[in-house]
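For reference, the structure discussed in these notes is given below.
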Amino acid sequence: MKKSIGILSPGVALGMAGSAMSSKFFLVALAIFFSFAQVVIEANSWWSLGMNNPVQMSEVYIIGAQPLCSQLAGLSQGQKKLCHLYQDHMQYIGEGAKTGIKECQYQFRHRRWNCSTVDNTSVFGRVMQIGSRETAFTYAVSAAGVVNAMSRACREGELSTCGCSRAARPKDLPRDWLWGGCGDNIDYGYRFAKEFVDARERERIHAKGSYESARILMNLHNNEAGRRTVYNLADVACKCHGVSGSCSLKTCWLQLADFRKVGDALKEKYDSAAAMRLNSRGKLVQVNSRFNSPTTQDLVYIDPSPDYCVRNESTGSLGTQGRLCNKTSEGMDGCELMCCGRGYDQFKTVQTERCHCKFHWCCYVKCKKCTEIVDQFVCK
């Protein structure tokens with residue numbers, strides 16, 4: 001299915017009278033949360049909008065027209081401007097960031113680096129200052145999360161500047177099937193995510209050929225890879241109509257893929273990520289020219305990964321001491337690899353689970369609680 005990608009014009013919202021009050025409540029609460037958080041900030045990031053949801057205020061009366069975008073930690077100047085223009089979008093930027101963070105932690109739950117977050121607005125700590133393949137994945141999955149959240153918010157009528165998808169009818173859709181319904185607006189989600197997420201990188205100016213300029217190019221590439229993964233995995237969904245489920249007629253629409261599928265695809269890209277360097281013209285090129293050049297959907301990195309085996313404040317590595325491991329596994333979650341050869345401790349723990357469940361007419365399921373003593377293994 002062919003999908004078109006356009007360019008967002010922030011001026012679309014200038015003529016709007018204002019966004020919904022609920023979005024203002026969200027922004028005010030978020031600003032209050034960060035203003036009282038006493039933390040050491042190493043490097044602000046918009047990812048912080050996905051951390052620690054502020055207290056929901058059901059009835060707040062705000063005097064004044066503008067939300068407190070300028071007080072939100074983690075936003076660049078360009079992102080703050082977009083915040084002012086699109087007040088009702090910010091809640092879904094936060095939801096997208098949260099979705100990306102959770103997916104990162106799921107995908108790396110059995111790895112030495114498990115996408116741990118820290119208690120400040122850098123979210124992932126100093127480890128993101130290294131242009132590693134882990135950083136590449138994090139940028140990609142976070143950008144993907146924003147596309148996902150924005151596209152769905154449009155479909156659900158939560159935003160003032162978009163609605164259901166207007167994607168063209170696929171050419172391979174049978175003629176007697178209707179193209180309609182209310183699909184996820186992936187075009188809009190893609191465009192706004194690109195405008196917002198890339199704003200910080202595009203504002204940064206560094207000398208041509210510098211390490212900082214290489215990081216900007218790396219970040220922009222991986223942001224795009226995340227967005228395109230969501231875009232390309234979207235597919236047609238259909239609903240049958242007809243007497244007694246005969247499905248004599250179908251209505252179809254464009255639908256986002258489950259985000260786990262996006263995470264799985266990006267994890268595969270992480271495993272095959274391309275090592276890059278800056279050439280004399282200030283462009284990223286592959287370190288090993290024998291391989292095919294990475295596409296816009298591949299992940300790229302410029303630094304080797306730090307040693308995640310031991311705690312290191314300078315690199316942000318938390319180490320693997322105290323991590324649970326699987327004694328019988330030969331994979332990355334196995335005690336030999338997870339514990340980096342340091343060995344492991346064994347202890348017993350009591351687990352309680354539902355068991356012996358029975359269906360009773362009508363209509364409920366009744367279960368017993370079973371306890372079991374199990375062995376667990378923890379890295380030294």
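Keep in mind that glycine also has a Cβ here, set from the backbone N, Cα and C atoms.
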Among CYS362, CYS367, cysteine joined to CYS363 by disulfide in Swiss-Prot: CYS362
Recorded disulfide partner - CYS370, candidates CYS355, CYS357, CYS379, source Swiss-Prot: CYS355
CYS154, CYS182 - which one Swiss-Prot pairs with CYS162 by disulfide: CYS154
ASN120 (N-linked glycosylation site), number of other Cβ atoms within 10 Å: 21
ASN120 (N-linked glycosylation site): secondary structure state under DSSP, collapsed to three categories: coil
ASN326 (N-linked glycosylation site) and CYS335 (disulfide bond), distance between Cα atoms, whole Å: 6
Integer Cα-Cα distance in angstrom, CYS309 (disulfide bond) to ASN114 (N-linked glycosylation site): 12
Among CYS154, CYS362, CYS379, the one of these disulfide-bonded residues whose Cβ has the fewest neighbouring Cβ atoms within 10 Å: CYS362
